[in-house]
Amino acid sequence: MTTVCTADQMRAAEQTWFDAHPGKDLMAVAAHAVAVEAEQMLGAHEGRRVLILVGGGDNGGDGLFAAAELASSGHSVELLSVLGIPHAEGWRAALAAGCRQVTPTDVLHQRYDLAVDSVLGIGGRPGIPRVLMRTDEWLVKSGTPVLAVDLPSGLVADSGEVATAVHATVTITFASRKWCHVAHPAARRCGDVVVADIGVDVLDADDLVTREDLAHLWPVPGPRSDKYSRGVVGLDTGSAQYSGAGVLGALGALRTGPGMVRCAGPDNVGDRVIARAPSVVVGEGRVQAWVVGSGWGSAPGNAARLDRRLADGVPVVVDADALAVLPRRIPGNCLLTPHAGELARMLGVDRSEVEADPRGHCLAGARMFAATVLLKGSIQWVATPSGDVVAALPGPAWTGQAGSGDVLAGMCGTLLATGMEARDAAVCAASLQALTATLNPGPWSPDQLADRFPSTIAELLG
């Protein structure tokens, strides 16, 4: 796992550090980390040409003190003041070390070995001024590597949104990743993210799944595995009106690597499923996990349909319309997969409240129903009744379309059937879907994306 925090959490952690270390200079530590990373990007060569883009405030101060260190190491360092009044002490230190101030016009006629973006930090607003936009365009055109300090200027620390922002090759941040480093599309502007240890502990940062975690958790069949030991997942999904949900759930389950998929929904659903996936077995039989609710509609028999599967004694993925008839007391091996509106109804709150604090409400749902909850959204949260909360690997917004949740429910069912704990199954399913969308950018339909799960798994485990 890695950690990710908000701007407020980072500020609070920094204040705790200042309170514990009166008189000590945290900026010097951060600036040294920036200079070290810049040297890594420059390679083992002296006399390289470096441009420092400087803003006001502490982010600009980090860049200026790093500039002084780079100049003292023999590099030719130029300073472009872009926004606000530069950090006074840092500016003096940079000039004293031999750095030279340049104008925007000067920059557009030069080539650099590296540019350092220290204009806007975690307190910045979305977007960048025109002078910085033109400079960024030139740096991209000239192929200049860019090292962003904390985040590329123009991004917002707590958001994945992009207005106008610097294109970074590498972003160096401190103590913990911020949400813009991991949430799409902002993450693409950050390039490779390096987290520098500056002695600040963000104790309330959230855990975030990484590709390495996903590879470690993913179930791999052994030499003695068969279709039963690999897991049989049953899908009681779909209806006469929404048979497509049953097909999508079956594809999600099948492409995630089960031993067998059973379709125990209505006859019309089974017919459509085997037409698309002939290896699916239609009819009742032994299963190691159930997926229920997707595409049920608001039929009067939904509660009895759910109760029947809950009484089976195996893990159950409860999705979509089954959430509307979910009893307060359910078996502890259930995995609930609501979106924000469904979770709001389950908790008796407004959807806007869930969207304002998805993490907190995901945990509240897990505790209320004593079951693991996967809250679907741009950031997908997984919470357990014991208070464990983790964010799945984020993906692009292309997955935000009808049918993606049906596929995801089927994926969760397969992983539960292999014997995974509900938390790990939810995290792995959501992360695989997101990673596949990241590796295959564009408007793929949910079934098309599901067809690419096996190649993602192969790449992940390779």
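Backbone N, Cα and C define each Cβ position, glycine as well.
TrEMBL does not curate its annotations; it predicts them automatically.
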(6S)-NADPHX site partner of GLY295, HIS339, ASP406 according to TrEMBL, chosen from ALA240, ALA245, ALA458, is ALA245
Taking only the CA atoms, the spacing between HIS339 ((6S)-NADPHX binding site) and GLY405 (AMP binding site), expressed in whole angstrom, is 9
Apart from the site residues ALA245, GLY295, HIS339, ASP406, the 8 Å Cβ neighbourhood of the (6S)-NADPHX centroid comprises THR237, TYR242, LEU248, GLY249, GLY293, SER294, ASP319, ALA320, ALA402, GLY403, GLY405, ALA409
Top of the binding-site residues GLY295, HIS339 by count of other CB atoms within 10 A is GLY295
Filtered by Cβ under 8 Å and at least 6 apart in sequence, the residues in the chain of ASP406 ((6S)-NADPHX binding site) near it are THR237, GLY244, ALA245, LEU248, GLY249, GLY252, SER294, GLY295, ASP319, ALA320, PRO446
Looking only at the domain 'YjeF C-terminal' (210-460), mean pLDDT returns 97
DSSP says GLY405 (AMP binding site), in three-state terms, is helix
